[in-house]
Amino acid sequence: MVNIPEYYAGKNVLITGATGFMGKVLLEKLLRSCPDVRSAYVMVRPKAGQSPQARIEDMVSCKLFEKLQDEQPDFAQKIVPVHGDLTQPELGLSQEDQNTLAENIHIIFHCAATIRFNEPLKDAMQLNVLATQKMLALGRKMKQLEIFIHVSTAYANCDRELIEEVIYPPPVDYRKLIDTLEWMDDDLVAVMTPKLIKERPNTYTFTKALAEYLIQQEAGDLNIAIVRPSIVGASWKEPFPGWIDNFNGPSGIFIAAGKGILRTMRASNNAVADLVPVDVVINATLSAAWFSGSQKHHRPKNIPVYNCTTGGINPFYWGKLYHVISTFKRNPLEQAVRRPNVNLTSNHLINQYWIAVSHKAPAFMYDLYLRMIGKEPRMMKTISRLHKAMMVLEYFTSHSWVWHTDNMTMLMTHMSPEDKRVFNFDVRQLHWAEYMESYCMGTKKYVLNEELSGLPAARKHLNKLRNIRYTFNTVLVVLIWRIFIARSQMARNIWYFVVSMCFKFLSYFRASSTMR
(Lines of atoms letter the chains of each structure in order from A and count residues from 1; the text may use other names and numbers.)
(Lines give C-alpha, C1' and ligand atoms only; values in the text may rest on other atoms or scores of the structure.)
Protein backbone atom coordinates (compact mmCIF):
# COMPACT_ATOMS: atom_id res chain seq x y z
CA MET A 1 0.00 0.00 0.00
CA VAL A 2 1.19 3.52 -0.78
CA ASN A 3 1.44 5.98 2.07
CA ILE A 4 -1.37 8.43 2.73
CA PRO A 5 -0.07 11.54 0.89
CA GLU A 6 0.80 9.37 -2.12
CA TYR A 7 -2.72 7.94 -2.17
CA TYR A 8 -4.27 11.42 -2.35
CA ALA A 9 -1.79 12.64 -4.98
CA GLY A 10 -3.59 13.54 -8.22
CA LYS A 11 -7.03 12.84 -6.68
CA ASN A 12 -10.10 15.08 -6.75
CA VAL A 13 -12.00 15.22 -3.47
CA LEU A 14 -15.56 16.36 -2.78
CA ILE A 15 -16.37 17.70 0.69
CA THR A 16 -19.80 18.56 2.07
CA GLY A 17 -20.03 20.67 5.21
CA ALA A 18 -16.65 22.27 4.51
CA THR A 19 -17.72 25.58 6.07
CA GLY A 20 -18.51 23.82 9.35
CA PHE A 21 -16.08 23.22 12.20
CA MET A 22 -14.92 19.75 11.19
CA GLY A 23 -15.13 20.49 7.47
CA LYS A 24 -12.71 23.42 7.77
CA VAL A 25 -10.16 21.32 9.62
CA LEU A 26 -10.55 18.49 7.11
CA LEU A 27 -9.95 20.83 4.16
CA GLU A 28 -6.93 22.47 5.80
CA LYS A 29 -5.31 19.19 6.81
CA LEU A 30 -5.91 17.59 3.41
CA LEU A 31 -4.31 20.47 1.51
CA ARG A 32 -1.41 20.88 3.95
CA SER A 33 -0.43 17.24 4.53
CA CYS A 34 -1.31 15.95 1.06
CA PRO A 35 0.17 18.75 -1.06
CA ASP A 36 -0.15 16.80 -4.30
CA VAL A 37 -3.93 16.41 -4.10
CA ARG A 38 -5.30 17.79 -7.36
CA SER A 39 -8.48 19.61 -6.29
CA ALA A 40 -10.86 19.92 -3.37
CA TYR A 41 -14.43 20.46 -4.58
CA VAL A 42 -16.44 22.10 -1.80
CA MET A 43 -20.23 22.00 -1.88
CA VAL A 44 -21.49 25.31 -0.47
CA ARG A 45 -24.83 27.08 -0.58
CA PRO A 46 -25.27 30.87 -0.72
CA LYS A 47 -25.85 32.37 2.72
CA ALA A 48 -26.67 35.86 3.98
CA GLY A 49 -26.25 37.27 0.49
CA GLN A 50 -22.82 35.72 0.04
CA SER A 51 -22.02 33.55 -2.95
CA PRO A 52 -20.28 30.17 -2.44
CA GLN A 53 -17.06 31.71 -3.76
CA ALA A 54 -17.24 34.58 -1.27
CA ARG A 55 -17.95 32.21 1.61
CA ILE A 56 -14.90 30.12 0.74
CA GLU A 57 -12.72 33.23 0.48
CA ASP A 58 -13.87 34.34 3.94
CA MET A 59 -13.27 30.88 5.36
CA VAL A 60 -9.70 30.45 4.12
CA SER A 61 -8.73 33.89 5.44
CA CYS A 62 -9.24 32.81 9.06
CA LYS A 63 -6.51 31.89 11.56
CA LEU A 64 -6.89 28.16 10.87
CA PHE A 65 -5.37 28.45 7.38
CA GLU A 66 -2.37 30.64 8.30
CA LYS A 67 0.11 27.75 8.49
CA LEU A 68 -1.11 26.39 5.17
CA GLN A 69 -0.81 29.89 3.67
CA ASP A 70 2.82 30.09 4.78
CA GLU A 71 3.68 26.65 3.38
CA GLN A 72 1.59 26.81 0.18
CA PRO A 73 0.71 30.41 -0.76
CA ASP A 74 -1.33 29.24 -3.78
CA PHE A 75 -3.37 26.61 -1.93
CA ALA A 76 -6.70 28.39 -2.58
CA GLN A 77 -6.37 27.62 -6.30
CA LYS A 78 -7.04 23.96 -5.50
CA ILE A 79 -10.38 24.75 -3.85
CA VAL A 80 -13.32 24.57 -6.26
CA PRO A 81 -16.63 25.94 -4.86
CA VAL A 82 -19.70 24.04 -6.03
CA HIS A 83 -23.11 25.71 -5.68
CA GLY A 84 -25.23 23.13 -3.88
CA ASP A 85 -27.97 22.80 -1.27
CA LEU A 86 -28.56 19.54 0.57
CA THR A 87 -32.25 20.30 1.08
CA GLN A 88 -33.00 20.71 -2.64
CA PRO A 89 -33.78 18.03 -5.24
CA GLU A 90 -30.56 16.65 -6.73
CA LEU A 91 -28.73 18.68 -4.05
CA GLY A 92 -29.44 21.89 -5.94
CA LEU A 93 -26.62 21.10 -8.36
CA SER A 94 -26.74 22.34 -11.95
CA GLN A 95 -26.50 19.73 -14.67
CA GLU A 96 -23.07 21.06 -15.57
CA ASP A 97 -21.81 20.64 -12.00
CA GLN A 98 -23.29 17.15 -11.79
CA ASN A 99 -21.44 16.18 -14.95
CA THR A 100 -18.19 17.71 -13.69
CA LEU A 101 -18.40 15.82 -10.39
CA ALA A 102 -19.38 12.58 -12.11
CA GLU A 103 -16.31 12.76 -14.34
CA ASN A 104 -13.70 13.91 -11.81
CA ILE A 105 -14.37 12.95 -8.19
CA HIS A 106 -12.36 10.12 -6.63
CA ILE A 107 -13.21 10.57 -2.93
CA ILE A 108 -16.27 11.91 -1.09
CA PHE A 109 -16.23 13.19 2.50
CA HIS A 110 -19.85 13.69 3.55
CA CYS A 111 -19.53 15.83 6.69
CA ALA A 112 -22.60 18.03 6.33
CA ALA A 113 -25.33 17.61 8.96
CA THR A 114 -27.37 19.56 11.43
CA ILE A 115 -25.80 19.19 14.86
CA ARG A 116 -28.62 20.93 16.72
CA PHE A 117 -29.89 18.38 19.25
CA ASN A 118 -33.41 19.82 19.40
CA GLU A 119 -33.92 20.29 15.65
CA PRO A 120 -37.53 19.57 14.59
CA LEU A 121 -37.72 16.01 13.27
CA LYS A 122 -38.68 17.07 9.73
CA ASP A 123 -35.64 19.34 9.46
CA ALA A 124 -33.30 16.78 11.02
CA MET A 125 -34.55 14.12 8.60
CA GLN A 126 -34.06 16.48 5.67
CA LEU A 127 -30.46 17.35 6.56
CA ASN A 128 -29.20 14.11 8.10
CA VAL A 129 -31.09 11.36 6.28
CA LEU A 130 -32.47 12.59 2.95
CA ALA A 131 -29.29 14.54 2.20
CA THR A 132 -27.27 11.35 2.75
CA GLN A 133 -29.60 9.49 0.39
CA LYS A 134 -29.05 12.17 -2.26
CA MET A 135 -25.29 12.04 -1.76
CA LEU A 136 -25.35 8.27 -2.32
CA ALA A 137 -27.29 8.81 -5.53
CA LEU A 138 -24.71 11.36 -6.63
CA GLY A 139 -21.89 8.98 -5.71
CA ARG A 140 -23.34 6.23 -7.90
CA LYS A 141 -23.00 8.56 -10.92
CA MET A 142 -19.29 9.11 -10.33
CA LYS A 143 -17.20 7.07 -12.72
CA GLN A 144 -13.93 7.23 -10.76
CA LEU A 145 -15.23 7.15 -7.17
CA GLU A 146 -12.99 5.05 -4.93
CA ILE A 147 -14.38 5.70 -1.47
CA PHE A 148 -17.36 7.44 0.16
CA ILE A 149 -16.69 8.50 3.77
CA HIS A 150 -19.75 9.28 5.89
CA VAL A 151 -19.16 11.17 9.13
CA SER A 152 -21.69 10.01 11.72
CA THR A 153 -21.59 10.25 15.52
CA ALA A 154 -20.60 7.83 18.26
CA TYR A 155 -23.92 8.68 19.94
CA ALA A 156 -26.06 7.45 17.04
CA ASN A 157 -26.78 4.33 19.11
CA CYS A 158 -26.71 5.91 22.56
CA ASP A 159 -29.72 3.82 23.56
CA ARG A 160 -27.17 0.99 24.00
CA GLU A 161 -24.53 0.84 26.74
CA LEU A 162 -22.10 -1.18 24.60
CA ILE A 163 -21.58 0.18 21.09
CA GLU A 164 -19.63 -1.95 18.65
CA GLU A 165 -18.27 -0.92 15.27
CA VAL A 166 -21.31 -2.19 13.41
CA ILE A 167 -24.46 -0.65 11.94
CA TYR A 168 -27.49 -1.34 14.13
CA PRO A 169 -31.05 -1.54 12.79
CA PRO A 170 -33.09 1.53 13.87
CA PRO A 171 -36.43 1.30 15.72
CA VAL A 172 -38.43 2.45 12.66
CA ASP A 173 -38.28 1.87 8.93
CA TYR A 174 -36.69 5.00 7.50
CA ARG A 175 -38.57 4.62 4.19
CA LYS A 176 -41.97 4.60 5.89
CA LEU A 177 -40.94 7.51 8.11
CA ILE A 178 -39.86 9.57 5.08
CA ASP A 179 -43.22 8.90 3.40
CA THR A 180 -45.17 9.66 6.57
CA LEU A 181 -43.42 12.97 7.25
CA GLU A 182 -44.41 14.22 3.81
CA TRP A 183 -48.09 14.52 4.73
CA MET A 184 -47.82 15.17 8.49
CA ASP A 185 -48.13 18.77 9.65
CA ASP A 186 -45.50 20.18 12.03
CA ASP A 187 -47.72 20.01 15.12
CA LEU A 188 -48.49 16.33 14.60
CA VAL A 189 -44.81 15.56 14.00
CA ALA A 190 -43.90 17.33 17.26
CA VAL A 191 -46.41 15.16 19.14
CA MET A 192 -45.15 11.97 17.51
CA THR A 193 -41.42 12.69 17.91
CA PRO A 194 -40.94 11.33 21.48
CA LYS A 195 -42.66 8.07 20.51
CA LEU A 196 -40.52 7.73 17.39
CA ILE A 197 -37.12 8.40 18.94
CA LYS A 198 -38.00 6.28 22.01
CA GLU A 199 -34.96 5.93 24.28
CA ARG A 200 -32.75 8.28 22.31
CA PRO A 201 -32.52 11.77 23.84
CA ASN A 202 -32.97 13.89 20.72
CA THR A 203 -33.65 13.99 16.98
CA TYR A 204 -29.95 14.37 16.17
CA THR A 205 -28.87 10.95 17.44
CA PHE A 206 -32.04 9.37 16.04
CA THR A 207 -31.58 10.68 12.49
CA LYS A 208 -27.87 9.88 12.46
CA ALA A 209 -28.74 6.27 13.27
CA LEU A 210 -31.28 6.25 10.44
CA ALA A 211 -28.65 7.64 8.06
CA GLU A 212 -26.23 4.84 8.91
CA TYR A 213 -28.86 2.20 8.25
CA LEU A 214 -29.89 3.91 5.01
CA ILE A 215 -26.27 3.73 3.85
CA GLN A 216 -26.16 0.02 4.61
CA GLN A 217 -29.36 -0.59 2.66
CA GLU A 218 -28.65 1.65 -0.33
CA ALA A 219 -24.86 1.44 -0.69
CA GLY A 220 -25.06 -0.89 -3.66
CA ASP A 221 -21.64 -1.14 -5.29
CA LEU A 222 -20.25 1.94 -3.57
CA ASN A 223 -17.15 1.53 -1.39
CA ILE A 224 -18.20 3.18 1.89
CA ALA A 225 -16.77 3.65 5.38
CA ILE A 226 -18.36 5.36 8.39
CA VAL A 227 -16.46 7.43 10.98
CA ARG A 228 -18.16 7.99 14.32
CA PRO A 229 -16.57 10.73 16.47
CA SER A 230 -17.85 11.36 19.98
CA ILE A 231 -17.83 14.92 21.43
CA VAL A 232 -15.57 16.87 19.09
CA GLY A 233 -13.49 19.52 20.83
CA ALA A 234 -10.69 21.97 20.07
CA SER A 235 -7.58 20.90 18.20
CA TRP A 236 -4.91 19.00 20.09
CA LYS A 237 -1.85 19.75 17.92
CA GLU A 238 -2.82 20.75 14.39
CA PRO A 239 -2.50 23.17 12.85
CA PHE A 240 -1.85 24.59 16.34
CA PRO A 241 -3.17 23.70 19.82
CA GLY A 242 -6.55 24.90 21.00
CA TRP A 243 -8.19 26.04 17.76
CA ILE A 244 -11.97 26.24 18.10
CA ASP A 245 -14.48 28.54 16.41
CA ASN A 246 -17.87 27.87 18.02
CA PHE A 247 -19.88 27.71 21.24
CA ASN A 248 -21.18 24.19 20.55
CA GLY A 249 -20.95 21.34 23.05
CA PRO A 250 -18.26 21.67 25.72
CA SER A 251 -17.01 25.02 24.41
CA GLY A 252 -20.15 26.80 25.59
CA ILE A 253 -19.91 25.09 28.98
CA PHE A 254 -16.27 26.13 29.39
CA ILE A 255 -16.95 29.74 28.43
CA ALA A 256 -19.98 29.99 30.73
CA ALA A 257 -17.89 28.56 33.58
CA GLY A 258 -15.00 30.91 32.83
CA LYS A 259 -17.31 33.92 32.83
CA GLY A 260 -18.68 32.84 36.22
CA ILE A 261 -22.19 32.44 34.82
CA LEU A 262 -22.34 28.64 35.10
CA ARG A 263 -22.13 27.75 38.81
CA THR A 264 -23.84 24.37 38.93
CA MET A 265 -24.14 21.50 36.51
CA ARG A 266 -25.96 18.22 36.64
CA ALA A 267 -23.33 15.61 35.88
CA SER A 268 -21.88 12.46 37.35
CA ASN A 269 -18.31 12.93 38.54
CA ASN A 270 -17.51 9.40 37.39
CA ALA A 271 -19.21 9.67 33.99
CA VAL A 272 -16.82 9.69 31.05
CA ALA A 273 -16.75 12.95 29.10
CA ASP A 274 -15.84 11.37 25.79
CA LEU A 275 -14.07 14.37 24.29
CA VAL A 276 -12.02 13.84 21.16
CA PRO A 277 -9.89 16.61 19.59
CA VAL A 278 -10.97 17.68 16.12
CA ASP A 279 -7.56 17.00 14.58
CA VAL A 280 -7.70 13.43 15.90
CA VAL A 281 -11.05 12.93 14.16
CA ILE A 282 -9.80 14.42 10.90
CA ASN A 283 -6.59 12.38 10.90
CA ALA A 284 -8.63 9.22 11.48
CA THR A 285 -11.07 10.21 8.71
CA LEU A 286 -8.33 10.82 6.15
CA SER A 287 -6.64 7.57 7.17
CA ALA A 288 -9.89 5.59 6.89
CA ALA A 289 -10.43 6.94 3.37
CA TRP A 290 -6.87 5.97 2.44
CA PHE A 291 -7.25 2.45 3.81
CA SER A 292 -10.69 1.69 2.35
CA GLY A 293 -9.87 3.45 -0.92
CA SER A 294 -6.72 1.37 -1.32
CA GLN A 295 -8.75 -1.79 -0.70
CA LYS A 296 -11.37 -1.08 -3.36
CA HIS A 297 -10.72 -4.43 -5.09
CA HIS A 298 -10.80 -6.35 -1.79
CA ARG A 299 -13.79 -4.80 -0.10
CA PRO A 300 -14.95 -6.23 3.23
CA LYS A 301 -18.34 -7.88 3.37
CA ASN A 302 -19.67 -5.30 5.82
CA ILE A 303 -19.26 -1.52 5.74
CA PRO A 304 -16.33 -0.67 8.06
CA VAL A 305 -17.25 1.56 10.99
CA TYR A 306 -14.69 3.48 13.04
CA ASN A 307 -15.65 4.54 16.58
CA CYS A 308 -13.41 7.58 17.05
CA THR A 309 -13.61 7.91 20.84
CA THR A 310 -11.32 8.31 23.85
CA GLY A 311 -13.28 6.86 26.78
CA GLY A 312 -12.13 3.26 26.45
CA ILE A 313 -8.48 4.14 25.82
CA ASN A 314 -7.68 7.37 27.68
CA PRO A 315 -10.80 8.47 29.59
CA PHE A 316 -11.55 11.97 30.80
CA TYR A 317 -14.27 12.33 33.44
CA TRP A 318 -16.72 15.15 34.00
CA GLY A 319 -15.45 15.35 37.58
CA LYS A 320 -12.15 16.65 36.19
CA LEU A 321 -13.67 19.90 35.02
CA TYR A 322 -11.59 21.53 37.74
CA HIS A 323 -8.93 21.77 35.01
CA VAL A 324 -11.20 24.30 33.30
CA ILE A 325 -11.79 26.28 36.49
CA SER A 326 -8.10 26.39 37.43
CA THR A 327 -7.15 27.50 33.90
CA PHE A 328 -9.65 30.36 33.91
CA LYS A 329 -8.55 31.43 37.39
CA ARG A 330 -4.95 31.70 36.16
CA ASN A 331 -5.93 33.16 32.78
CA PRO A 332 -9.35 34.75 33.31
CA LEU A 333 -11.80 35.77 30.64
CA GLU A 334 -12.48 39.47 30.29
CA GLN A 335 -15.46 41.03 32.05
CA ALA A 336 -16.23 37.92 34.11
CA VAL A 337 -19.46 38.20 36.08
CA ARG A 338 -18.18 36.11 39.01
CA ARG A 339 -15.08 34.11 39.86
CA PRO A 340 -15.09 30.70 38.09
CA ASN A 341 -16.48 27.90 40.23
CA VAL A 342 -18.77 25.02 39.23
CA ASN A 343 -20.57 22.60 41.52
CA LEU A 344 -21.23 19.18 39.95
CA THR A 345 -24.05 17.00 41.24
CA SER A 346 -25.97 14.06 39.85
CA ASN A 347 -28.96 14.76 42.12
CA HIS A 348 -31.79 16.65 40.42
CA LEU A 349 -33.11 18.33 43.60
CA ILE A 350 -29.67 19.49 44.73
CA ASN A 351 -29.01 20.83 41.26
CA GLN A 352 -32.30 22.76 41.34
CA TYR A 353 -31.33 24.22 44.72
CA TRP A 354 -27.99 25.46 43.39
CA ILE A 355 -29.69 26.83 40.28
CA ALA A 356 -31.98 28.91 42.49
CA VAL A 357 -29.20 30.07 44.82
CA SER A 358 -26.26 30.43 42.42
CA HIS A 359 -27.97 31.26 39.11
CA LYS A 360 -31.41 32.79 39.44
CA ALA A 361 -30.97 34.82 42.64
CA PRO A 362 -27.73 36.56 41.53
CA ALA A 363 -29.16 37.08 38.03
CA PHE A 364 -32.27 38.74 39.51
CA MET A 365 -30.14 41.01 41.70
CA TYR A 366 -27.86 41.93 38.78
CA ASP A 367 -30.84 42.77 36.56
CA LEU A 368 -32.27 44.88 39.40
CA TYR A 369 -28.97 46.76 39.54
CA LEU A 370 -29.06 47.30 35.76
CA ARG A 371 -32.58 48.70 36.00
CA MET A 372 -31.50 51.08 38.76
CA ILE A 373 -28.73 52.54 36.61
CA GLY A 374 -31.03 52.79 33.59
CA LYS A 375 -29.73 49.86 31.53
CA GLU A 376 -31.59 46.99 29.91
CA PRO A 377 -31.70 43.86 32.15
CA ARG A 378 -30.16 40.84 30.43
CA MET A 379 -28.84 38.35 32.97
CA MET A 380 -32.08 36.42 33.52
CA LYS A 381 -32.40 35.93 29.75
CA THR A 382 -28.81 34.67 29.64
CA ILE A 383 -29.46 32.26 32.52
CA SER A 384 -32.63 30.96 30.83
CA ARG A 385 -30.71 30.22 27.62
CA LEU A 386 -27.96 28.54 29.64
CA HIS A 387 -30.47 26.31 31.43
CA LYS A 388 -32.05 25.23 28.15
CA ALA A 389 -28.63 24.30 26.78
CA MET A 390 -27.69 22.42 29.94
CA MET A 391 -30.94 20.44 29.91
CA VAL A 392 -30.10 19.24 26.40
CA LEU A 393 -26.64 18.13 27.57
CA GLU A 394 -27.72 16.48 30.85
CA TYR A 395 -28.25 13.11 29.18
CA PHE A 396 -24.63 13.05 28.00
CA THR A 397 -23.11 14.39 31.23
CA SER A 398 -24.90 11.79 33.34
CA HIS A 399 -24.25 8.61 31.34
CA SER A 400 -21.24 6.61 30.21
CA TRP A 401 -20.89 4.26 27.25
CA VAL A 402 -18.46 1.57 26.19
CA TRP A 403 -17.31 1.84 22.58
CA HIS A 404 -15.35 -0.87 20.80
CA THR A 405 -12.44 0.62 18.82
CA ASP A 406 -10.94 -2.49 17.19
CA ASN A 407 -11.16 -0.99 13.69
CA MET A 408 -9.33 2.13 14.85
CA THR A 409 -6.54 -0.07 16.23
CA MET A 410 -6.46 -2.10 13.03
CA LEU A 411 -6.22 1.06 10.94
CA MET A 412 -3.28 2.27 12.97
CA THR A 413 -1.39 -1.02 12.53
CA HIS A 414 -1.57 -0.66 8.71
CA MET A 415 -0.03 2.82 8.74
CA SER A 416 3.66 3.48 8.17
CA PRO A 417 5.65 5.17 10.97
CA GLU A 418 5.69 8.41 8.99
CA ASP A 419 1.92 8.29 8.42
CA LYS A 420 1.38 7.61 12.12
CA ARG A 421 3.33 10.78 12.87
CA VAL A 422 1.72 13.03 10.25
CA PHE A 423 -1.82 11.66 10.67
CA ASN A 424 -1.68 10.97 14.37
CA PHE A 425 -4.91 9.80 16.02
CA ASP A 426 -3.39 7.79 18.87
CA VAL A 427 -5.24 9.28 21.85
CA ARG A 428 -3.09 7.31 24.29
CA GLN A 429 -0.59 10.15 23.85
CA LEU A 430 -3.14 12.78 24.86
CA HIS A 431 -2.36 14.51 28.20
CA TRP A 432 -5.69 15.82 29.41
CA ALA A 433 -4.49 18.60 31.73
CA GLU A 434 -2.41 20.18 28.96
CA TYR A 435 -5.15 19.69 26.39
CA MET A 436 -7.84 21.24 28.58
CA GLU A 437 -5.65 24.27 29.23
CA SER A 438 -5.03 24.79 25.51
CA TYR A 439 -8.77 24.22 24.86
CA CYS A 440 -9.75 26.91 27.38
CA MET A 441 -7.20 29.33 26.02
CA GLY A 442 -8.50 28.56 22.53
CA THR A 443 -12.01 29.62 23.51
CA LYS A 444 -10.56 32.85 24.88
CA LYS A 445 -8.46 33.64 21.79
CA TYR A 446 -10.49 32.28 18.87
CA VAL A 447 -14.13 32.25 20.01
CA LEU A 448 -14.22 35.37 22.22
CA ASN A 449 -11.37 37.11 20.34
CA GLU A 450 -9.70 38.23 23.56
CA GLU A 451 -6.05 39.27 23.34
CA LEU A 452 -3.53 37.85 25.82
CA SER A 453 -2.37 41.43 26.44
CA GLY A 454 -5.61 41.92 28.35
CA LEU A 455 -4.77 39.26 30.95
CA PRO A 456 -3.38 41.66 33.63
CA ALA A 457 -6.60 43.70 33.57
CA ALA A 458 -8.71 40.52 33.63
CA ARG A 459 -6.77 39.20 36.64
CA LYS A 460 -7.22 42.52 38.42
CA HIS A 461 -10.96 42.35 37.71
CA LEU A 462 -11.10 38.79 39.07
CA ASN A 463 -9.34 39.86 42.29
CA LYS A 464 -11.87 42.67 42.62
CA LEU A 465 -14.71 40.15 42.29
CA ARG A 466 -13.07 37.99 44.96
CA ASN A 467 -12.84 40.92 47.39
CA ILE A 468 -16.44 41.87 46.71
CA ARG A 469 -17.51 38.29 47.37
CA TYR A 470 -15.57 38.06 50.66
CA THR A 471 -16.93 41.41 51.82
CA PHE A 472 -20.51 40.52 50.91
CA ASN A 473 -20.32 37.12 52.65
CA THR A 474 -18.81 38.65 55.79
CA VAL A 475 -21.45 41.36 56.01
CA LEU A 476 -24.20 38.82 55.36
CA VAL A 477 -22.98 36.48 58.12
CA VAL A 478 -22.66 39.33 60.61
CA LEU A 479 -26.14 40.65 59.79
CA ILE A 480 -27.76 37.24 60.10
CA TRP A 481 -25.95 36.54 63.34
CA ARG A 482 -26.89 39.90 64.81
CA ILE A 483 -30.53 39.26 63.90
CA PHE A 484 -30.40 35.88 65.66
CA ILE A 485 -28.72 37.37 68.75
CA ALA A 486 -31.23 40.18 68.92
CA ARG A 487 -34.22 37.83 68.68
CA SER A 488 -33.13 34.67 70.44
CA GLN A 489 -32.01 34.18 74.01
CA MET A 490 -30.53 30.80 73.02
CA ALA A 491 -28.39 32.45 70.31
CA ARG A 492 -27.12 34.97 72.87
CA ASN A 493 -26.28 32.18 75.32
CA ILE A 494 -24.38 30.28 72.59
CA TRP A 495 -22.51 33.46 71.66
CA TYR A 496 -21.52 34.16 75.26
CA PHE A 497 -20.46 30.52 75.72
CA VAL A 498 -18.26 30.59 72.60
CA VAL A 499 -16.65 33.89 73.64
CA SER A 500 -15.99 32.63 77.19
CA MET A 501 -14.45 29.39 75.89
CA CYS A 502 -12.17 31.37 73.59
CA PHE A 503 -11.17 33.62 76.50
CA LYS A 504 -10.43 30.60 78.72
CA PHE A 505 -8.38 28.95 75.97
CA LEU A 506 -6.30 32.10 75.49
CA SER A 507 -5.81 32.41 79.25
CA TYR A 508 -4.67 28.78 79.47
CA PHE A 509 -2.32 29.26 76.51
CA ARG A 510 -0.73 32.33 78.14
CA ALA A 511 -0.37 30.54 81.49
CA SER A 512 1.29 27.55 79.80
CA SER A 513 3.72 29.83 77.97
CA THR A 514 4.66 31.60 81.24
CA MET A 515 5.34 28.26 83.00
CA ARG A 516 7.72 27.21 80.20
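Just so it is clear, glycine is given a Cβ too, placed from its N, Cα and C backbone atoms.
Worth saying up front: this structure is predicted, and the values here are computed from it rather than measured.
These features come from TrEMBL:
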- 15-285: domain 'Thioester reductase (TE)' (DOMAIN)
- 359-450: domain 'Fatty acyl-CoA reductase C-terminal' (DOMAIN)
- 470-488: transmembrane segment (TRANSMEM)
- 494-511: transmembrane segment (TRANSMEM)
Compute the average pLDDT of the predicted model within the domain 'Thioester reductase (TE)' (15-285). 90
Positions whose Cβ lies under 8 angstroms from the transmembrane segment (470-488), at least six residues beyond its ends: 495
Counts of helix, strand and coil residues, the domain 'Fatty acyl-CoA reductase C-terminal' (359-450), according to DSSP: 66 helix, 2 strand, 24 coil
